There are 2 protein chains.
Amino acid sequence: MTQPDTLRGIGESASLARIFPRLPSSDYAIVGPGDDSAVMSAPDSRFVVTTDMMIHGPDFRLAWSSPQDLGWKAAASNLADVAAMGARPTALVVAIAAPADSPVSLLEGIADGLRDACAALAPGCGVVGGDLSVSATLTIAVTAFGDLDGRAPVLRSGARPGDVVAVSGVLGRAAAGLRLLFEHGVKNETPDATATAALRAAEPALVAAQLAPEPPIGDGVLAALGGATAMLDLSDGLALDARRLATASGVAVDLSSAAVGDRESLDGGEDHSLLATFPAGTALPGGFRAIGAVVAGSGVLVDGQPYDERGGWDPYEQWSGAAG
Amino acid sequence: MTQPDTLRGIGESASLARIFPRLPSSDYAIVGPGDDSAVMSAPDSRFVVTTDMMIHGPDFRLAWSSPQDLGWKAAASNLADVAAMGARPTALVVAIAAPADSPVSLLEGIADGLRDACAALAPGCGVVGGDLSVSATLTIAVTAFGDLDGRAPVLRSGARPGDVVAVSGVLGRAAAGLRLLFEHGVKNETPDATATAALRAAEPALVAAQLAPEPPIGDGVLAALGGATAMLDLSDGLALDARRLATASGVAVDLSSAAVGDRESLDGGEDHSLLATFPAGTALPGGFRAIGAVVAGSGVLVDGQPYDERGGWDPYEQWSGAAG
């Protein structure tokens, strides 16, 4: 029986040669991968940049996520941070560190996920550079870029009393998927691939919402064009991220429980939906729907009552240390 | 006795609040850290971008490197990749993943090293964004940006027969420092802080060349202004990187052993010096000195004889798996 090729077995150069052809190219690349640096076009004379790491253990489990899922989620979560500025994503650079005995197919799958996410969520965006390292812990670090097309960036700090609070994208679905994975994707309290396959068959949409979310990337530009006064991406949960927007803007955000839905929609993280505020009377663009109002004060209210639950996921406090 | 604050103990927000004030700001930041993305000025309507990760184990040992060393080296090695395009470094984004029981002082020290390296090697360059995660393996991922001031980027592929081969910066010093650390910075075959302190006192320059290298960042722009036809940064050793330049340009590089020095200067990696080619007769700019000539053919020659040693450091083959 043939053993699969591993990073240690075929080495860095041969591994990169297997990965490169699978990566999406960027419409904005002047010099792509292969030199000391890439050279990117920045037609606006500014660029937007964000970076985020995914770590085996606190951020994902290999028994739950396919390699494609990992590449998809690494791209999607960073693209959402670009979109949340009202920018059009142009490119990613991707650094991956993997155990030396990892099969090369793991890296190929991650590359396929990066490619598929760019094609589906941000056409024209591609990978312009990267780095491949060995590590005891599988780690994916993505830095994403965007272009503002001449517009002002949409910051967290521009919400004003009287504005409508709106969201584009799902609420609480990624958290529901994670809850299902902890409940049914384990065997003897350990993440388990066989149990996860059965769960995926039974609950494909919720599991996919956690493992390969589909944030409404194009709605970032539409929000900016539509007059958004503030915006951010919902990575840690609606309540927690709405509080960040409220604090940055010096206002309070009053959410409607009827519009938001259940408690998981209020507290669940990792949907990477877009939360934005618009002047009252604005025709909400794209997939945005009203879920509340900006009022004078501070913090988050639900139906006018202060809501002080933290919500969200804090790996510093909650990660057991197990990788799975 | 008071225990030091740890990441788990004080949490992500409080940790970030301790780190942020220590980070250098960028002259090119329009929107700095704190929103979903940063917004950078790109006066040239292009930007240069490179990314590189440093991993505990294969790339550094905590018994050898101080936290400041780690921040310094993470900045310096990425700045060198920007400089090797002929660009002026403008900013970094930095993602750090650390064990939850790490003292916050580890992160503060890394921030100080980033600040000191930017101030010393690339004034005006600063940190415009980042990410802090927990991981079983301490990991530092830096993405660096540069501006070309309207010039063409200096690629690896422009060397032509007849060009002078020149280097700016030291050769073999980082490798000599690493050799000394493996010989004298260990106790019972394990990296040891006490032994390393004694070694640092005896051989400060060579140890610093490995742990906190000082690549000639400003010479990247000077090389471009001075007519460099090709350039790269020496991360894996002169012989190996010269071969990359030769292959990309479709030429051979003939090095002079008298100009290069000993075998460690030819094969030793991690100096992050700049290797460039210039048309014959060019007055070499900055700290560049001639070490050979571009000739027709392929690969690397030394004194006219083919040199086929790989040289350099391949963590895929050579890393034991120990962290230290």
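Positions of Cβ are set from backbone N, Cα and C atoms, glycine also.
Annotated domain 'PurM-like N-terminal' per TrEMBL: B:34-146, in sequence order. Residues or ranges marked as Mg(2+) 4 binding site in TrEMBL: B:Asp36, B:Thr50, B:Asp81. Positions annotated as Mg(2+) 3 binding site by TrEMBL: B:Asp36, B:Asp81, B:Asp233. Positions annotated as Mg(2+) 1 binding site by TrEMBL: B:Thr51, B:Asp52, B:Asp131. The Mg(2+) 2 binding site annotation in TrEMBL covers B:Asp52, B:Asp81. Marked as substrate binding site by TrEMBL: B:Asp59, B:Glu270, B:Trp313. Residues or ranges marked as ATP binding site in TrEMBL: B:Gly130, B:Asp131, B:Arg156, B:Ser235. Residues annotated as Mg(2+) 5 binding site in TrEMBL: B:Asp236.
What TrEMBL annotates, mapped onto the structure for a quick look.
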residue  : record                 : DSSP class
B:Asp36  : Mg(2+) 4 binding site  : coil
B:Asp59  : substrate binding site : coil
B:Asp81  : Mg(2+) 4 binding site  : helix
B:Gly130 : ATP binding site       : strand
B:Arg156 : ATP binding site       : coil
B:Asp233 : Mg(2+) 3 binding site  : strand
B:Glu270 : substrate binding site : coil
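Closest to B:Glu270 (substrate binding site) by Cα-Cα distance, out of the binding-site residues B:Asp36, B:Thr50, B:Gly130, B:Ser235, is B:Ser235. Counting other CB atoms no more than 10 Å from each candidate's CB, the binding-site residues B:Thr50, B:Thr51, B:Ser235 peak at B:Thr50. The Cβ of B:Asp131 (Mg(2+) 1 binding site) has 21 other Cβ atoms within 10 Å, all protein chains considered. Listed binding-site residues (B:Asp52, B:Ser235, B:Asp236, B:Glu270) with a CB under 8 Å from any chain A CB: B:Asp52.
Those residues noted as binding ATP (B:Gly130, B:Asp131, B:Arg156, B:Ser235) have their most widely separated CA atoms at a distance of 32 Å.
Ranking the binding-site residues B:Asp59, B:Gly130, B:Asp233 by the distance of their Cα atoms from the Cα of B:Asp81 (Mg(2+) 4 binding site) places B:Asp233 first. Comparing the binding-site residues B:Asp36, B:Asp59, B:Asp81, B:Asp233, B:Asp236 on other C-beta atoms within 10 angstroms of each C-beta gives the minimum for B:Asp236. The average pLDDT the prediction assigns to the domain 'PurM-like N-terminal' (B:34-146) is 97. Other Cβ atoms within 10 Å of the Cβ of B:Glu270 (substrate binding site), summed over all protein chains shown, number 24.
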